[in-house]
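*Asks:* My questions will all concern the structure given below.
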Amino acid sequence: MPPSALDQLSRLNITYPMLFKLTNKNSDRMTHCGVLEFVADEGICYLPHWMMQNLLLEEGGLVQVESVNLMVATYSKFQPQSPDFLDITNPKAVLENALRNFACLTKGDVIAINYNEKIYELRVMETKPDKAVSIIECDMNVDFDAPLGYKEPERHMQHPEEPTEEETDPSNYDMDIGFRAFTGSGNRLDGKKKGIEPSPAPLDPSDIKRGIPNYDFKIGRITFIRNSRQQSRKTETVNTVKKP
């Protein structure tokens, strides 16, 4: 802003830090900002490009500047204007560092921050306790809305396929021998190899056990299957002898 603005403001009873309301009467758009320094030419004030876009203001246009007092911010919510913002590892820390260059926030504005040589735009969706707040030396809770144009990935539910007759036929099961004791070969002390070849007992197919999945399984239900042996009841037989 020009030095004459500082001279006029110093004569007024204003509060510090200096905050201003900018209004473009042609488009009926307004925003709020602070001041960097008073070194501009008379009748000219310099604004960031993103602020001129919020005001729908072109270079050389007229803007009305008013001194205002804003409440200190306690909460703000932002919406990234591109899904690329999700690539940032810690977006809250990046935003907190970038907001140190801002003096205030206005609901509905689109601010621009620079990170890793890339510019990210964020829309101010909500501010508390007012629609325009000061963020100088304040404790503010920050929240993010879903980025503009972001689509959540679709989740496809996989339905279990019913087994065919070939899969359920026990004759088609693979013969899993598993562990069998005393099936290896041995060595004699005299060095002879007679009678040391293994002769394992033939394997009974009934001994082979294969787990069959529970096709009636339902999500959220746990079934405990216990194999209990039925105790055989001993029956006593009594032989009676009839006398002639």
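Cβ atoms are placed via backbone N, Cα and C, with glycine included.
Per TrEMBL, the feature domain 'Ubiquitin fusion degradation protein UFD1 N-terminal subdomain 1' maps to 1-70. The domain 'Ubiquitin fusion degradation protein UFD1 N-terminal subdomain 2' annotation in TrEMBL covers 73-147. Summarising the annotation, TrEMBL assigns region 'Disordered' to 154-173, 184-212.
Tell me about the setting of these features in this model.
*Replies:* Over the domain 'Ubiquitin fusion degradation protein UFD1 N-terminal subdomain 2' (73-147), the average per-residue pLDDT in this prediction is 91.
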*Asks:* Summarise the domain 'Ubiquitin fusion degradation protein UFD1 N-terminal subdomain 2' (73-147) as counts of helix, strand and coil residues per DSSP.
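*Replies:* Secondary-structure breakdown of the domain 'Ubiquitin fusion degradation protein UFD1 N-terminal subdomain 2' (73-147): 16 helix, 33 strand, 26 coil.
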